[in-house]
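Participant: Let me give you the structure first, and then I'll get to my questions.
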Amino acid sequence: MIIAVDGPAASGKGTLASGLARHYGLPHLDTGLLYRAVGRAVSDWEDQPGFEDAAIAAARALDASHLADVTELTSARSGVLASKVAVIGPVRAALFDYQRNFATQPGGAVLDGRDIGTNICPDADVKLFIQADSKARMERRARQLESRGLEVDRYALYHQIEERDARDMANPNGGFYKADDAHLLDTTLLDIEAALRAAIAIVETTMAHKAKL
Ligand code: C5P
């Protein structure tokens, strides 16, 4: 079974995807980490002429060893860098096979990101699109960073998330919208447990419905 989980920054999609993976005993790939790793690799080139070429080369050289430093990769700064490399078409193309191979491994997988249901796995068995309002998303991300002992400027974080949303939505090479057959799950008023229960209910209902066809 392939489960695609998409949604904007800090919507809770990563937590839900890893909860679904645990529940169904499936491997999980946070595809945002791939873009974050590429962004980190070219941070010295940010806003300079060689940025695109460096990002394309970094994406082509990417392997699992670049995804190990999760603390560094999940910083707010890495998120901004990720969204800057994610608009480059050849970067997305270079990362496609890694994601597709992960998704099609025997037994299936759970992947979360922005374009899983639209570009990477248009054939996924279940697609979820996770939404939450911007303030709730900022507060969640702030608490996540604070739990790691980091100091958070909430005002700056809110604007960073909005800036990233805007860049992602305008990405000419993305597919950052809800797939027609994706189920919308708004987690603004849900805690993690309630959101996971709702996501599992969607997976169960969808699979039961497909089994009847
Ligand atoms: O999901 P996360 O917030 O870690 O993603 C970081 C950035 O990577 C996003 O803002 C987006 O620009 C990019 N991304 C993407 N496609 C994906 C996953 C992430 O373009 N499948």
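Here the Cβ of each residue, glycine as well, is placed from N, Cα and C on the backbone.
Nobody curates TrEMBL annotations by hand; they come from automatic prediction.
So TrEMBL lists the following for this protein:
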type	residues	note
DOMAIN	3-203	domain 'Cytidylate kinase'
BINDING	GLY7, PRO8, ALA9, ALA10, SER11, GLY12, LYS13, GLY14, THR15	ATP binding site
Participant: Cβ under 6 Å from an atom of ligand 1: which of these binding-site residues qualify? The list is GLY7, ALA9, LYS13, THR15.
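Facilitator: So the answer is ALA9.
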Participant: For the binding-site residues listed here, SER11, THR15, which shows the highest count of neighbouring CB atoms within 10 A?
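Facilitator: Compared across SER11, THR15, the most Cβ atoms within 10 Å surround SER11.
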Participant: With H, G and I counted as helix, E and B as strand and the rest as coil, say where DSSP puts LYS13 (ATP binding site).
Facilitator: helix
Participant: If H, G and I count as helix, E and B as strand, and all else as coil, what does DSSP give for GLY7 (ATP binding site)?
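Facilitator: Note: GLY7 (ATP binding site) is coil by DSSP, not helix or strand.
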Participant: Near the ATP site, what residues other than GLY7, PRO8, ALA9, ALA10, SER11, GLY12, LYS13, GLY14, THR15 in the same chain have a C-beta no further than 8 Å from the centroid of the listed C-beta atoms?
Facilitator: LEU16, ASP112, ILE130, ALA132, ARG137
Participant: Name the residues of the same chain, 6+ apart in sequence, whose Cβ is under 8 Å from the Cβ of GLY7 (ATP binding site)?
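Facilitator: Residues satisfying the criterion: LYS13, ASP112, ARG114, LEU128, PHE129, ILE130, GLN131, ALA132.
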Participant: Near the Cβ of LYS13 (ATP binding site), how many other Cβ atoms are there if near means within 10 Å?
Facilitator: 28
Participant: Under a criterion of Cβ-Cβ distance under 8 Å and sequence separation of at least 6, what residues of the same chain contact ALA9 (ATP binding site)?
Facilitator: GLY79, ARG137, ARG141, ILE161, ARG164, ASP165, ASP168
